[in-house]
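What follows is a set of notes on a single structure, which appears directly below.
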Amino acid sequence: NLVKKYCPKRSSKDEEPRFTSCIAFFNILNELNDYAGQREVVAEEMGHRVYGELMRYSHDLKTERKMHLQEGRKAQQYLDMCWKQMDNSKKKFERECREAEKAQQSYERLDNDTNATKADVEKAKQQLNLRTHMADENKNEYAAQLQNFNGEQHKHYYIVIPQIYKQLQEMDERRTIKLSECYKGFADSERKVIPIISKCLEGMILAAKSVDEHRDSQLVIDCFKSGFEPPGDFPFEDYSQNIYRTISDGTISTPKQEGMRIDSKTTVGKAKGKLWLFGKKPKPQSPPLTPTSLYTSSTPNGSQYPIFSIEPVHYCMSDIKTGKPRIPSFRSLKRGWSVKTGPALEDFSHLPPEQRRKKLQQRIDELNRELQKETDQKDALIKMRDVYEKNPQMGDPSSLQPKLAETMSNMDRLRMEIHKNEAWLSEVEGKVAARTDRRHSSDINHLVTQGRESPEGSYTDDANQEVRGPPQQHAHPNEFDDEFEDDDPLPAIGHCKAIYPFDGHNEGTLAMKEGEILYIIEEDKGDGWTRARRQNGEEGYVPTSYIDVTLEKNSKGS
């Protein structure tokens with residue numbers, strides 16, 4: 001019952017445990033199940049060989065004991081009958097003796113009486129002789145009965161009763177021997193399962209030894225590896241240029257675009273006080289740079305370069321600490337750590353780069369396996385068609401054409417899917433390589449890209465973790481505004497419902513309330529932002545993970 005209670009009912013391979021500690025636990029459960037099976041064998045053996053045998057033998061013993069006791073009662077009853085016969089004959093002999101004695105006294109009295117007639121004397125004499133004869137007969141009968149009783153009594157106490165007691169003793173000895181055999185059978189039933197139980201215990205020990213903490217740690221690392229790069233060094237911002245600049249200096253430096261700088265108090269928002277795994281995130285010495293704060297910094301030679309400040313490592317650590325619990329119970333731990341993100345996208349752009357690459361590779365492998373199955377099915381159909389063409393009596397070749405056409409269509413569809421996913425995979429791998437090159441060159445050029453992966457890496461778990469800004473245009477700071485100044489508004493391709501509220505403090509974003517309905521005018525391009533419009537015409541970008549999108553079929557892909 002314990003094994004059935006704690007063994008999971010897995011319906012797919014995705015739910016199989018991956019951690020060695022969980023695998024060891026399930027192996028121990030399996031061994032415990034075998035152990036319990038051996039205990040059931042012992043119980044069945046005891047039920048049939050010990051308990052059942054004892055119950056049957058006990059019933060036989062009761063019958064035999066009842067028979068012996070009945071024989072003893074019969075012998076006692078026969079002895080009592082003999083004693084009664086002897087006692088009756090004794091009493092009769094005693095009575096006849098008294099009667100004879102009275103007859104003798106009467107005869108003597110009449111014989112001595114002178115007045116008595118001769119006839120009376122003769123009559124008394126005859127009566128005396130009769131009583132004397134009857135007393136002698138009763139005496140002989142009493143003697144015979146006494147002799148018979150004494151013989152039966154001797155036989156009863158020296159032969160019959162000892163024989164009955166002997167039979168009862170033998171019966172009890174057999175009962176004792178049977179108990180001994182049952183005791184031995186109980187021990188034998190235990191001893192038979194000891195080798196198998198020992199193997200079960202050895203299996204439990206091996207399962208315990210198979211736990212590998214380093215492998216489990218590596219599984220966690222592989223599960224949560226995001227592919228984000230750590231934040232780079234803060235660039236040096238030279239505020240002393242204006243001090244040393246002379247009036248006669250003809251160099252016209254590009255003025256700082258103050259309009260693009262966003263107040264840190266409004267942009268940091270919830271991320272400012274967000275906790276990460278090791279407590280509060282240490283505050284930087286320089287003014288905090290928000291995920292969407294795009295501004296230009298001047299170098300000593302007057303050149304400018306854009307700086308993106310997003311802290312992916314901090315985001316990931318705070319995501320583990322403050323996000324929705326990724327391991328709500330041991331039951332989720334046994335199935336492997338599942339990263340629950342926002343609404344799943346077809347290209348997995350809601351996942352970090354490394355996780356996205358793994359998912360795409362898995363999907364490509366699955367599609368290749370499906371394509372191989374369809375290819376094998378096509379070859380089989382073609383062979384069957386050739387056989388039908390050569391032997392028409394076996395079947396109609398034209399009946400296979402619909403199935404063959406369907407298989408070819410499935411193969412074309414699978415090839416398109418594979419090509420599309422391979423393109424996404426190439427894009428991810430290319431961006432990872434580009435990030436690696438940028439990381440090596442950042443030590444020289446101080447071009448630090450501190451961002452949650454754009455557009456592939458953008459993802460979020462809940463409303464408290466969204467601190468990103470909308471897509472930025474690097475070419476010209478006013479290009480983004482020009483999109484909203486277009487005279488012809490973009491047609492709506494669907495609608496969405498806000499799952500979480502969004503403040504929309506950043507430039508180009510659109511604030512929304514929970515449950516608000518908006519029009520979709522531009523799909524998510526993979527950066528985690530969707531362009532939406534209110535009924536009053538106000539447009540802006542909203543986080544894709546904050547909304548539930550419904551696209552119109554006739555407008556999808558336009």
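Just so you know, glycine gets a Cβ as well, placed from its N, Cα and C.
Nobody curates TrEMBL annotations by hand; they come from automatic prediction.
Ranges compared are 83-127, 263-307, and TrEMBL records coiled coil for 83-127. When TrEMBL is compared with the stretches 147-181, 357-391, the one noted as coiled coil is 357-391. Through the fold, the coiled coil (357-391) approaches residues 227, 347-348, 351, 397, 400, 403-404, 407-408, 410-411, 414-415, 417-418, 421-422, 424-425, 428-429, 432 of its own chain, all at least 6 residues removed from its boundaries and within a Cβ separation under 8 Å.
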